[in-house]
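K.L.:
Okay, these came from TrEMBL:
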DOMAIN    590-650  domain 'CBS'
DOMAIN    704-760  domain 'CBS'
TRANSMEM  66-94  transmembrane segment
TRANSMEM  114-137  transmembrane segment
TRANSMEM  231-254  transmembrane segment
TRANSMEM  266-285  transmembrane segment
TRANSMEM  318-339  transmembrane segment
TRANSMEM  449-467  transmembrane segment
Amino acid sequence: MLSNHLQDGIETAKLMWSRIPNSEDGQFEGVGLLNSSDANAVESLDYEVIENYAYREEQAQRGKLYVGYYVAVKWFFALLIGIGTGLAAVFINISVENFAGWKFSLTFSIIQKSYFAGFVVYVLINLVLVYSSVYIITQFAPAAAGSGIPEIKGYLNGVDIHGILLFRTLIGKIFGSIGSVGGGLALGKEGPLVHTGACIASLLGQGGSTKYHLSSRWLQVFKSDRDRRDLVTCGCAAGVAAAFRAPVGGVLFALEEVTSWWKSQLMWRVFFTSAIVAVVVRTAMGWCKSGKCGHFGSGGFVIWDISDGQEDYSFGELLPMAVIGVIGGLLGALFNQLTLYITRWRRNSLHKKSIQVKVIEACLISVITSAISFGLPLLRKCSPCPEADADSGIECPRPPGMYGNYVNFYCDKDKEYNDLATIFFNTQDDAIRNLFSAKTIHEFSAQSLLTFLVMFYTLAVVTFGMAVPAGQFVPGIMIGSTYGRLIGMFVVKFYNKPNIEEGTYALLGAASFLGGSMRMTVSLCVIMVEITNNLKLLPLIMLVLLISKAVGDAFNEGLYEVQAQLRGIPLLDTRPKYQMRKMTAREACGSQKVVSFPRVVKVADVVSILRSNKHNGFPVIDHARNGETLVIGLVLRSHLLVLLQSKGDFQHSPLPCDPRAGSRSIRHSFSEFVKPVSSKGISIEDIHLSSDDWEMYIDLAPFLNPSPYVVPEDMSLTKVYNLFRELGLRHIFVVPRASRVIGLITRKDLFIEDNEDSTSTELQSTSSSSFR
């Protein structure tokens, strides 16, 4: 029993999030960027289990056999997610490699006769690919723009951004990535692959796409946001595993970067999904080695084997390696700040004009990128090939149109190569492989590396935020490996030791820039070790990651956090703000008046309240026989809309009924109250009621959550914050201090022992004081 003042003390959490336009309507503004000041921005997800009577009856009817079936289906879906994401990654990689292979082969064959004609063909091919990508995004799937990681991170943090997990978003992400990456822009396909995996997982969880008639009822098992969240987590890990061939890194990425909660049961399924992806990708690579995949060779799937690189390092090398970490933190923080300014300008000034502006912008940047990548190597003098090393397996110059080191581009002699073309006139994966390569000392000059660093850094900043799928993993690796190799060249000259490899410093530079920009540590460290196949470098990678992250944190937040803020996604950070320690739960509620419902409410009153505010949760109150006010639970807006639309629970009497009597409590199954994935669901404007319906009543007792989370009004806001984040809550009741205590639960009371009769269980005896 609570006091009569309980009603005045109840405060629901302020609803900062509502809705954004559905991507089905094509109303995304600024390439999917959300206006943080818009009241209709995003909507919170209901991760909390609503234990109403429909849910309890449904659970009571399920036996152990169903529980086993439910667990088996989760593992089966984990298998399907792994296979689907792996196949999507194979398709994207084969397509990108073939487009790039055809482009370079044709260009190299034409420049044998005319460099100008080769330049025109090169620019046109890139322009067509980029135009196809931006056209798909602007006309078909606006939510597929960008990397998608900030949106998925928001979803797993409890924020639903409508449109990010639709079937059209998946299609736009796959084909848009092929066009943008194949078109030679300064972006990667790894971030979009994370979004692709999440889309595949979500579509499997909802049984497919009903709009495009690609759905199956037998797949429609998971109805709650909590179960769908678990599937999307598996999809995120699968995307990283497919992008980098790093299954362990995928698990750690999901744990460290995108989720705000974790549980051991999910860990096993995520690990299983990542392992399946690794098997699928490995099988595809083995099949393609026979030449069945066109131009697709050993490139495409990101793995840069430098196991034959530097064997050991001296204590004196730790200082230049620490310098690499500092540079990575500074350049990474600068990159985040510059992309923030440019993306904000795009949203507020450029992209507001028209969709055609987005297309023109992408095409213009494509032409500029192509001109730079083709034109700058023409200004660089060729260098003679070094003496051939039979053990290195590196040919100088490489055959025209093939991947590898030492590109012969605009050279007078056959045994010469253009070091700037070796980086620029290449796919990004092959360029990184060249920068990481061992036994290639003096392949690149400091002038060429510095030129590439400045130009590619600028292109990456300008390209990020365009209306195309864009990842920043691989561009970040290219930027970092460039200045890392530069420092490696100076170390080689200073120490004059033959065992020092410039490629090792390029790897450390790549790790430092990613750490300074994305602020990832554990998962990024494992990913870098997996993609380089060199465990000896683990301590060095850890060193530069820690330094770069510390330096970057001194200036701003990570790339995904910055982009999430720009998009208006209200992420709950891992740590609450310092000011929250001095605030209480009641102070956080402010002066907003609580809107509540009586247990039996008139239909006209329900409609009036739903139309007059945007709250998504309402306290339900009742009165005891002695007149005392009781809070009996929380009813969700979505549940009220279902009741209004069905009209099956309307009653003429204003008196409450017994929800356990007759069949009244099972008129609705629990799945009827679940909002569809990535859609607006039912709106109050969709409800049509007659004049007689307005005079009816609804007893809310069978449909409310009778056990919402409650905190006392003087609880610190820090503890409330941690509850919200760790439990994935949407609402918390703030109440006055309770008048009395009816019991106390300790760890001992939570242990349950099974009796010989398997149909009953009982709590262990609390007579013992152990564990208390």
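Glycine residues also receive a Cβ, built from the backbone N, Cα and C atoms like all the rest.
Model, not experiment: these values are computed from the prediction.
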K.L.:
Determine which residues of the chain contact the transmembrane segment (449-467) at the Cβ level, with the cut-off under 8 Å and only residues 6 or more beyond its ends counted.
P.N.:
31, 134, 137-138, 142, 145-146, 185-187, 331, 335, 338-339, 342-343, 346, 351, 358-359, 361-362, 365, 368-369, 372, 376, 380, 420, 423-424, 475-476, 478-479, 482-483, 485-486, 489
K.L.:
Can you give me the average pLDDT across the domain 'CBS' (590-650), rounded to a whole number?
P.N.:
87
K.L.:
Using DSSP, tally how many residues of the domain 'CBS' (704-760) sit in helix, strand and coil.
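P.N.:
Per-class counts: 15 helix, 11 strand, 31 coil.
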K.L.:
For the domain 'CBS' (590-650), what are the DSSP-based totals of helix, strand and coil residues?
P.N.:
20 helix, 21 strand, 20 coil
